[in-house]
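Trainee: Structure in structure tokens, see below.
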Amino acid sequence: MTDIGFIATNAIVLACIYGTLAIGLSITWSSVGLINLAYGFIFALSGYGAWLAAQYVSTNGVLVLCAGVLTGAVGGVLVCALAFIPIHDKPNFTVRGLIATLAISLIGTQTLLWAFGPRSKNLPEIFGFWKINLGGVVLTSDKIGNVAVSIMVVTAVLLWMRSSRRGLEIRAMMMNPHAAAIVGIGVRKTGFYVMSITGGLAGLAAVLLSQTYYISPFGGLAPMIKGVSIALCGGLGSVRGAVIAAMVLGLNEALTSRLLGGQYVLITQFALIIVILLIRPRGIAGILDRAREA
Amino acid sequence: MTAASAAPRPEKREILKVQGLSAGYGPMRVIHDLDLTVYSGERVGLVGLNGHGKSTLFYAIAGLTGWQRGSIRLNGAEVGGTRSQGPGRYTHLVVRRGLALIPQGDEIFHGLTVEEHLDSGAFTPRAWKERKPRKDRVLAIFPPLVKLLKTPVGRLSGGERRMVSIGRGLMADASLFLVDEPSLGLAPKIGKSVMEALMSVELGDSAMVIAEQNVALLEGRVERIIGMHVGKLKGEASVAMGFQTRREI
């Protein structure tokens with residue numbers, strides 16, 4: 001019984017964090033058409049931003065979290081200015097953008113290594129130390145905090161996208177960038193909004209994950225790979241698909257590391273993704289979305 | 001070119017003045033040194049075969065072609081000029097100056113509901129503030145949309161989509177409406193009713209250019225009909241001339 005409880009809680013925590021990353025990547029890809037390989041760098045950068053804030057300003061949890069999110073947003077704007085604005089309307093933007101963000105990622109992580117050194121840093125426990133026992137399942141403060149904060153923030157972002165003019169702008173660009181230009185939506189300005197919001201989501205995920213793992217210059221790589229695979233599995237551009245895919249892959253990760261061992265996680269994960277994409281080439285969104293394309 | 005200079009009435013304002021416009025995609029030149037003037041309050045029909053540059057002319061006015069050169073003055077402000085790349089980069093600025101382009105083949109946002117879709121048409125700051133009365137006006141023109149307001153556009157039929165697409169254009173705070181083949185791909189009856197709706201729009205001080213292949217749908221209901229042939233304007237007929245076509249060689 002405790003075993004199942006442990007697996008389930010781990011799955012939910014991982015699903016929330018990776019889901020946040022996947023939603024960010026998914027929105028970036030479908031609205032500005034950029035496969036943001038610098039997402040891992042933004043993730044690591046915001047980890048360091050939060051660490052600096054905790055080190056030199058205050059160890060208050062809310063402040064550390066905000067510092068991480070803000071650094072992430074700044075990182076997103078930086079990537080937008082370097083990799084989106086100069087090349088977005090040139091031929092073959094998808095591949096060029098991929099290479100540009102990869103370059104930013106490589107340069108950025110090396111700069112982080114140079115600036116902060118190879119030793120991992122750890123953030124203060126922003127949710128404090130407490131635990132509750134729920135029918136034999138022990139829930140620690142960081143698990144509850146992670147789940148609550150990520151669900152709250154992602155819900156807030158999605159509600160904002162549903163109700164505001166800016167949100168309509170972003171959603172319109174996600175569905176048809178050409179028509180978006182026709183109704184008067186400026187592609188470049190929207191790019192900055194999108195990249196700062198998704199950067200902020202990466203920052204949030206970085207601070208939340210740092211409650212479990214340490215911050216290191218290359219620490220963003222594995223979460224980014226997970227985020228990309230969840231986004232692919234859910235169907236790029238679909239938020240609901242990403243949420244469901246995050247649940248499925250989080251469960252898979254928790255189950256695999258419990259039953260087979262942690263080293264097999266990536267193997268089972270990619271096998272699962274291949275199976276899902278073989279059955280549903282558009283990902284889980286293909287099952288959900290009944291609206292016809294184009 | 002004298003094609004566009006026939007019908008002006010002195011009190012009318014020039015909404016659109018295109019001079020020496022050439023445009024195309026990559027090595028292909030579609031529009032050849034074209035002049036066109038559209039005055040306030042008039043409906044102009046643009047007729048021509050497939051592939052003779054009607055859509056490209058509209059796209060060039062919106063800054064959406066691969067490249068273009070030549071002057072385009074919209075409400076007196078220059079929105080054209082020479083551009084060698086970046087299709088769509090400045091389109092939102094042209095739209096803000098008062099252009100509403102209703103493109104061929106709908107170009108819809110398939111996941112938005114009809115209501116959100118109409119809102120997106122009023123995206124310019126001025127139109128956004130008064131989008132409620134505008135929406136009521138569009139729904140009065142297209143009554144079938146009232147029941148569909150909460151439906152995603154991707155689930156609508158072809159005729160309904162065309163209504164949404166045209167409705168989105170009419171939501172804009174525009175002085176020039178460019179309508180590209182409103183009856184394309186629709187059943188004749190539905191195409192006729194869509195055209196009927198377009199003709200019922202009160203233009204006021206604005207102007208409307210309708211590209212259409214079916215001249216019969218336009219005849220007697222627009223102020224001028226201009227022919228388009230291999231990227232140039234060829235011949236013009238107007239109400240004043242009783243639709244006697246005049247050919248230029």
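Cβ atoms are placed via backbone N, Cα and C, with glycine included.
From TrEMBL, for reference:
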type: TRANSMEM; residues: A:6-25; note: transmembrane segment
type: TRANSMEM; residues: A:37-56; note: transmembrane segment
type: TRANSMEM; residues: A:62-85; note: transmembrane segment
type: TRANSMEM; residues: A:97-117; note: transmembrane segment
type: TRANSMEM; residues: A:144-161; note: transmembrane segment
type: TRANSMEM; residues: A:193-215; note: transmembrane segment
type: TRANSMEM; residues: A:227-249; note: transmembrane segment
type: TRANSMEM; residues: A:261-279; note: transmembrane segment
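Give me the structural setting of these features: burial, nearby parts and distances.
Mentor: Residues 33-41, 44-45, 48, 78-79, 82-84, 87-88, 217-218, 220 of the same chain lie 6+ residues outside the transmembrane segment (A:97-117) yet bring a C-beta within less than 8 angstroms of a C-beta in it.
Nonlocal intrachain contacts for the transmembrane segment (A:261-279), taken as residues 6+ away from its ends with a CB within less than 8 angstroms of a stretch CB, comprise 226, 229, 232-233, 245, 248-249, 252-253.
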Trainee: Applying the under-8 angstroms CB criterion, which one of A:6-25, A:62-85, A:227-249 scores highest with the transmembrane segment (A:144-161)?
Mentor: A:6-25
Trainee: For the transmembrane segment (A:37-56), give me same-chain residues lying six or more residues beyond its boundaries with a C-beta closer than 8 angstroms to one of its C-beta atoms, as numbers and ranges.
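Mentor: For the transmembrane segment (A:37-56), the far contacts come to 21, 24-25, 28, 63-65, 67-72, 74-76, 79, 83, 98, 101-102, 104-105, 108-109, 112, 116, 121, 123-124, 198-199, 202-203, 205-207, 210, 215-221, 223-224, 227-228.
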